[in-house]
Amino acid sequence: METSPISPMNEKNTAQPQQREENAQQILNTAIPFRQRSPGLLPEALKVGVRPDPANQIVETQEIEHPVAGFEGDSDQFQVSTNEMAEHLQASDLWYCPDGSFVKKIIVPGHGLDKPKLGSKCQVLALGFPFGSGMPEGWTELTIGIGQWREKMWGELMEKCLESMRQGEEAKIHLPGSSAPLAKLRLDSFTNGRDSWEMEAMEKEALAKEEHRRGTELFRAGNPQGAARCYGRALRLLLTLPPPGPPERTTLYANLAACQLLLGHPQLAAQSCDRVLEREPGHLKALYRRGVARAALGDLEKATADFKKVLAVDPKNRAAKEELGKVVIQGRKQDAGLARGLRKMFS
């Protein structure tokens, strides 16, 4: 994995203050675009039941001996000089969120192996979120996967950051393209939470409905990445229920397919549509979205079949008509190109 140059703790930095500041700026400016070059969620992250392991995303260096001055303790003392920040930027660990939405700079490493998960109650010190964002300031208790705080502007980002942290960890959140931190977090403690297999069926269904609702809100707000994350969480909960499972699974797979198409992953979208059509062969949205996915993959014959199935039930479906027309034109171009190639071969 590509990493940015990070100086060891035991190497004395003799650079002038201005040079150290420039070095620190360069570290974040070069590190952040590393993840930003891959827009959208990683394909693996969009598969149901597969989540990127945050432990694999961290660039490990030697353990930090001293936290950034002012973060530990009274929030009124939260003042760090530019030179101090520059030195710590060079020595800190950087963790890249798998979907490219932020970079976490670890100031004080946590301890233990456990991290918060669904249902974990986290004691958090949050500082620096923009005024009016609705995010908590100071000490607060947040529950992973539950609560209106997740619906705020920075709620999803904060939740993803907490899910990557260990007990006692202090970190700063940086947005792509910015060396100035958005906010600072300290995860003081958290309860264990529970894995899905430990929950009752009714509890799983209730949590899945909450994730479904949140995903739909994010999708309508133009955030297919966040929506896909919520739909995936809901499906992982429902997939642990005895078959055939609740009918909501069908809608979740169809919605997930829409997100995957917008994020440029037609293969995954086609697979999600297959799951829908296994349960409801006449599901028009799944047929249409699978047709779009197959067309993007170059499987024009199967794409045509899907669009024709939609039009057989709904002859006035304008979107299906338009996509079918595009597929027909694309097929004619392919046939013409093949004919030209054959003529050259036998001329």
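Residue positions begin at 1 at the first shown residue.
Cβ atoms are placed via backbone N, Cα and C, with glycine included.
What Swiss-Prot says about this one:
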type    : residues : note
REGION  : 1-24     : region 'Disordered'
MOD_RES : Thr3     : phosphothreonine
REPEAT  : 208-241  : repeat 'TPR 1'
REPEAT  : 250-283  : repeat 'TPR 2'
REPEAT  : 284-317  : repeat 'TPR 3'
Helix, strand and coil totals (DSSP H, G, I; E, B; other) for the repeat 'TPR 3' (284-317): 27 helix, 0 strand, 7 coil
Residues in the repeat 'TPR 1' (208-241) grouped by DSSP into helix, strand and remaining coil: 28 helix, 0 strand, 6 coil
Secondary structure content, the repeat 'TPR 2' (250-283) (per DSSP, counts of residues): 27 helix, 0 strand, 7 coil
Whole-number mean of pLDDT values that fall within the repeat 'TPR 2' (250-283): 96
